[in-house]
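A.B. asks: Have a look at this one.
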Amino acid sequence: MDRSWAERRIPELIETIRHHEYLYYVKNEPEISDAAFDELMQELKQLEEAFPDLRRPDSPTQRVGGATAPDFAKVPHQPPMYSLDNAFSEADLRDFDRRVREGLGGEPVSYVCELKIDGLSISLRYEDGLFVQGATRGDGETGEDVTENLRTIGSIPLRLDGTEAPVPPRLIVRGEVYMTKQVLEELNAALAAEGKPLLQNPRNAAAGGLRQKDPRKTRERRLDAFLYQVVDAEALGIADHWSALQRLQAWRFKVNPHRHLAHTIDEVLDWVAGWQARRHELPYEIDGLVIKVNDLAQQRRLGFTSKFPRWAIAYKFPAEERETTVVGISLEVGRTGVVTPSADLAPVRIAGTTVKRATLHNEDYIREKDIRVGDTVIVRKAGEIIPEVVRVVPEKRPPDAQPWTFPKTCPACGAELVRIEGEAATRCTNNLCPAQQYRAILHFASRDAMNIEGLGEALVQSLLDHGLIEDAADLYRLHEKRDALIRLERMGEKSVDNLLAAIDATRQNPLHRLIFALGIRHVGERAARLLADHFGSMEAIEQAGLDELTAIPGLGPKIAESVKNYFASPRSHQLLAKLRAAGVNMVGEKKAGPAEGPLAGMTVVVTGTLVRWSRKEIEELIQQLGGKAAGSVSRKTSFVVAGEAAGSKLQKAQELGIPVLTEDEFCERYLQG
């Protein structure tokens, strides 16, 4: 085989195959048969095998994927991949439009309306036009490197086309990997024939496919991808989102054709109404619609809250309802002892998933709706929302169906169940209940608490079943039981070492994370931060009296009493002693001396909806300015910042004669200079 001929032929084949891939995967307009395409690929493979040094990284043969990945490396996202705030009604969309226009000072604004593909978000990086890295969204700040798996997706170009638009030296684009309904059906038919478990829905199938360790298995999932964002588009001379989508197409990315440029909110609502009726006609699943401010300069001015862009919103379709049968009622014990009833259902497909269980909330809910085993019921589900039984179909009730009564003893440990007067919840009275311990450990390890990576439900249950842990503090002694861990099902040396490293990394977590991780009743993330900031150490919190706790602005008597009760418990003392012995951080960050700034010594209450900040953001700003952000109005309140739809707090401030500032007045007075 002549080398000089191969040097000419390989680039020709790459360009020809790339052209036909684009026509097939992106345009859906193939010009040649599958057999003819396979012949071109086979010729290219043979030439590359004969002359390995001529194989290019953007060769279509590289879509087959590289070697099996032992683990997925972490990839930081810059800027973060934010999630979107949700709208569920016309009123929500009109409110979004109002906030946008107010934030822009009444400027004209147009919106790009797009489909919200129900898949897995990805970020792709190109260097000099060559695809070099792809990552999942992860938590928005950090994702997983799935480059080799993304190479197997035919609609993702390995090299960008610069024919219609110049290709920048460095480019980051974002989009969604998905699976079509037809591919899901075909894969499930093959799985059923082999007697294997079926894939539940296209989204889960796509997510699972993209996280396969072997890229060849990813390729078997026949995934696809739509791209919808150019990061730092303004730096590339792109002025608006609509033009960014066109630029993506020019580079030969696959961009969803179902989009609309609207110049008024009424146009947006018309487009939304149209897709509400047509969404089931699509060959893939969507879980809503996305509305974005078109002008990129306006997007930049509107900015972000701590979680969402202010210039975009996701419209969620109304919850789907289906009829099914209650085959049983089961109970689940939570970390604080609350026992929650659930309806065991005859399987029914709702919102793209098979639903076998729905929450019944509490005893009163069951009694009010008179839900009985054997009843035909209407079950509602929307997106990731937990399914719930909304009503009984009385005319279909079996004649022998009996009213359901709450049991007197805990299903997990047999202890007495009690219901405190004035509360809807029924609780297990046994602090040593294994179900409570299981849930408490899961909460301790969860992302917003200690954030122990790799410690999921199955592993926690296995650790408890094998007697390796009894409580959360025992996690920090698992390094002493490494051999026993390795013997657990699905746990090899690599997995065990990763788990132990993840646990060890949390010893120096901030104090507020540990406080939240303890699972104190009524203490959420905000209250945990208040406690950490006020006391500065776990020891100080333990010694605090009820009056001191109640006096903390924003904490309130209910939380204060719960905190006091928690630290009065001998079992809590035992847990904290074990955590201290394990070297878990019990001290907060040292604060600067007396608060300085324009709000030094002031207590500020925020009420209503603000244009510039979320509630969390303005409370953090108040603290940065030296003040305290409180959750309720009292005579100690210095002033109130009142936004749109301010309620009882505003009324109380007026009754007490406490100054009330608008958002603009607050900015002028405390943020100027």
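Glycine is no exception: its Cβ is also placed from the backbone N, Cα and C atoms.
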A.B. asks: When you get a sec, could you say which of 54-73, 394-413 is annotated region 'Disordered' by Swiss-Prot?
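C.D. replies: Checked against Swiss-Prot: region 'Disordered' maps to 54-73.
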A.B. asks: With Lys292 (NAD(+) binding site) as the reference Cα, tell me which of the recorded positions Lys116, Cys410, Cys428, Cys433 is the closest one.
C.D. replies: Lys116
A.B. asks: Neighbour count, 10 Å Cβ-Cβ cut-off, for Lys292 (NAD(+) binding site): what number do you get?
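C.D. replies: Looking across every protein chain shown, the total is 22.
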A.B. asks: Indicate whether Lys292 (NAD(+) binding site) is helix, strand or coil by DSSP.
C.D. replies: strand
A.B. asks: Neighbourhood of the Zn(2+) site (Cys410, Cys413, Cys428, Cys433): other residues with Cβ within 8 Å of the Cβ centroid, in order?
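C.D. replies: The surrounding set, listed in chain order, is Val333, Gly337, Pro411, Ala412, Gly414, Ala415, Leu417, Thr429, Asn430, Pro434, Ala435, Gln436.
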A.B. asks: Can you give me the same-chain residues 6 or more apart in sequence from Cys433 (Zn(2+) binding site) with a CB-CB distance under 8 Å?
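C.D. replies: Correct list: Val333, Gly337, Cys410, Ala412, Cys413, Ala415.
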A.B. asks: Near the Cβ of Cys428 (Zn(2+) binding site), how many other Cβ atoms are there if near means within 10 Å?
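C.D. replies: Cβ-Cβ neighbours of Cys428 (Zn(2+) binding site) within 10 Å number 25.
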A.B. asks: In whole Å, how far is Cys428 (Zn(2+) binding site) from Asp38 (NAD(+) binding site) when you measure between their Cα atoms?
C.D. replies: 64
A.B. asks: Within the chain of Arg137 (NAD(+) binding site), which residues six or more apart in sequence place their C-beta under 8 angstroms from its C-beta?
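C.D. replies: In sequence order, His77, Met81, Leu120, Ser121, Ile122, Ser123, Gly143 meet the Cβ cut-off.
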